[in-house]
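Asker: For reference, the structure I am asking about is given below.
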Amino acid sequence: MNPGSTFANRYRIIRPLGEGGMANVYLAVDTKNNQQVAIKVLRLDLQNNPDFVRRFQREAQAAAQLLHPNIVKVLDAGSFDGVQYLTMEYVDGMDLKKYISQYYPVPYAQVVNIMEQVLSAVSMAHNHGIVHRDLKPQNILVGKDGSIKIVDFGIAIARSEFGMTQTNAVLGSVHYLSPEQTRGGMATNKSDIYALGVILFEMLTGQVPYKGETVVSIAMKHSSEQMPSAKDIDPNIPQALENVILRATAKNPDNRYLTAEDMANDLRTSLSPRRANEAKLPPFTDDQAETRTIPIDDLKSQVASGIQRLDPVYTPLKDNPDSTSDSKKVVPGKKKKRKHKIWPWILAGLLAIGFGVILVAMFWPGRVQVPDTANYKLSVAEKLIRENDLEVGSISKTTSRKVKKGRVIKSDPKIGSHVAKNTKIDLIVSNGAKKLTFGDYVGSNYSDVASVLRNQGYKVKKVEKYSNSVSSGQIIKQSVDADKKVDPYETTVKFTVSKGAQKITVPTFDSLSEAQSWADQNGITLKITYSQSSDTDTGYVISQNPNGGTEISSSTVVHILVAQRVDNSSSSSSSAVPSSSSSMSSSSNGSSSSSSNSSSSSIASSSSPQK
């Protein structure tokens with residue numbers, strides 16, 4: 001389509017935006033609302049191919065159901081004069097590849113923010129049963145307003161019809177391909193997570209982790225070499241942030257994050273001061289080095305000669321400076337001298353034999369690949385199976401701590417295996433974690449109980465309360481009944497824990513009424529001893545024990561010696577006048593007195609009061 005022309009009686013073409021393996025993209029203006037849009041048009045040489053037309057139409061359907069602020073929105077789709085097209089919102093900005101090149105180093109906080117937006121979009125797509133397959137910076141757009149948008153989710157829909165493209169070439173760019181994809185395996189959620197880990201590496205370091213002169217050499221590094229350390233390139237990268245890369249790019253998919261949401265949750269706290277001293281994630285013991293690489297036609301000649309480069313869809317390696325930074329420039333008209341070695345020919349022969357077997361197994365007529373249904377809801381998994389010309393077999397359930405209730409744990413035949421069409425695929429679905437009887441922890445030490453329960457998967461909360469009868473640190477009450485059966489990973493328990501007896505500061509008393517009022521307010525037992533005096537007013541506190549300023553518990557008995565005025569002619573004696581909230585005992589001079597208990601107090605032995 002030429003600039004200035006009108007397409008579908010509605011869209012005025014402005015200029016080309018790019019070319020891909022299936023379609024060409026143009027910038028246009030929608031004459032109905034005068035808004036700029038991007039139009040993707042199926043290549044003319046593919047318009048008569050029913051397989052590609054079907055794929056293109058399904059791309060439109062897939063993209064239309066992904067309504068998310070970080071995914072480019074599909075506005076219109078259809079056919080005009082036999083030409084299949086797709087109209088999308090136009091993002092005015094640049095792709096993330098150019099953004100990194102222009103603004104590196106990108107602040108860590110901004111890296112995390114961008115990745116969180118990308119992960120949010122990918123998580124939503126995965127929940128709809130759609131894997132992107134081709135995540136790379138070139139497919140992530142950064143708008144001038146700072147918005148982040150993922151494009152080309154339509155490539156994902158091809159996985160339900162083809163394990164590879166029509167030419168068996170690599171569908172995604174090799175710099176971001178997971179090890180299982182380089183071996184010809186099906187792209188899964190975990191493949192997208194691997195690509196996101198590589199993108200995070202590139203955003204933090206300004207370069208891709210693996211470089212090479214050919215697609216094959218780069219792919220083999222993804223499969224066999226340990227992920228380089230981002231901190232070796234930038235020592236200031238927080239270890240917690242690098243750990244996100246290491247987990248996301250584990251060779252074995254089982255060692256990667258279970259979901260994109262899990263990766264986002266880990267990434268979100270990676271800059272937290274609480275994780276400042278986090279240790280480096282150790283290598284996974286079962287991440288065995290792989291030596292197989294991409295199953296592509298004529299792989300023997302590709303590896304043996306080391307000359308021809310395979311151009312991944314949308315991103316020619318020869319135009320990508322990151323992919324050729326370790327190669328020398330070739331001057332036109334001059335032949336490059338090569339050192340001929342025997343081992344590449346031997347390796348090529350072995351690879352040709354090995355991949356010949358793989359290709360026969362993969363592309364034998366009538367055989368299809370079992371789709372990745374792990375961690376999908378059962379309804380989505382059943383849909384994926386039927387879309388791949390397979391039938392849903394038996395559904396069995398079992399407990400699982402790793403997979404949420406109602407989601408698929410695994411299938412039989414296993415994911416990625418090649419089977420005949422209409423084969424029944426049995427699914428094992430999670431019934432959630434095994435339910436356990438909670439137990440009675442009242443009276444036990446909180447710290448010990450909390451440690452055990454957290455290791456079992458419980459979320460534990462604590463509320464503290466003063467108690468005169470329960471020792472400090474012991475559990476007074478629990479929110480979950482002791483005999484209740486619960487799923488540890490779905491249960492939060494709240495314990496009420498004793499802080500011990502509450503400490504109360506004793507004031508210095510001047511009068512009996514003051515002492516009685518304080519004792520009533522604080523629930524303290526007050527023991528009163530009266531002493532007759534000819535020169536002191538009745539009710540005056542002569543002495544007290546404990547002294548003023550002392551901290552006591554509510555169970556402590558406070559003793560006071562109170563004056564009782566008498567005439568000078570009277571001899572000194574003591575008498576007892578019980579208070580409603582106090583007890584009385586013999587006075588210090590030994591004369592007898594009566595004693596009584598209030599309803600909320602107890603009598604303790606008297607000691608000599610001091611003031």
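Note that Cβ sites are derived from N, Cα and C of the backbone, with glycine treated the same way.
So TrEMBL lists the following for this protein:
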{"type": "DOMAIN", "residues": "11-271", "note": "domain 'Protein kinase'"}
{"type": "BINDING", "residues": "LYS40", "note": "ATP binding site"}
{"type": "COMPBIAS", "residues": "319-329", "note": "compositional bias 'Basic and acidic residues'"}
{"type": "DOMAIN", "residues": "364-431", "note": "domain 'PASTA'"}
{"type": "DOMAIN", "residues": "432-499", "note": "domain 'PASTA'"}
{"type": "DOMAIN", "residues": "500-564", "note": "domain 'PASTA'"}
{"type": "COMPBIAS", "residues": "569-611", "note": "compositional bias 'Low complexity'"}
Asker: Mean pLDDT over the domain 'PASTA' (500-564): what is the value?
Answerer: 91
Asker: Restricting to the same chain and to sequence separations of six or more, state which residues have a Cβ under 8 Å from that of LYS40 (ATP binding site).
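Answerer: Spatial neighbours, sequence-distant, of LYS40 (ATP binding site): ALA23, ASN24, VAL25, TYR85, LEU86, THR87, MET88.
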Asker: Per DSSP, what is the helix/strand/coil residue tally across the domain 'PASTA' (500-564)?
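Answerer: Tallied per class, the domain 'PASTA' (500-564) gives 11 helix, 28 strand, 26 coil.
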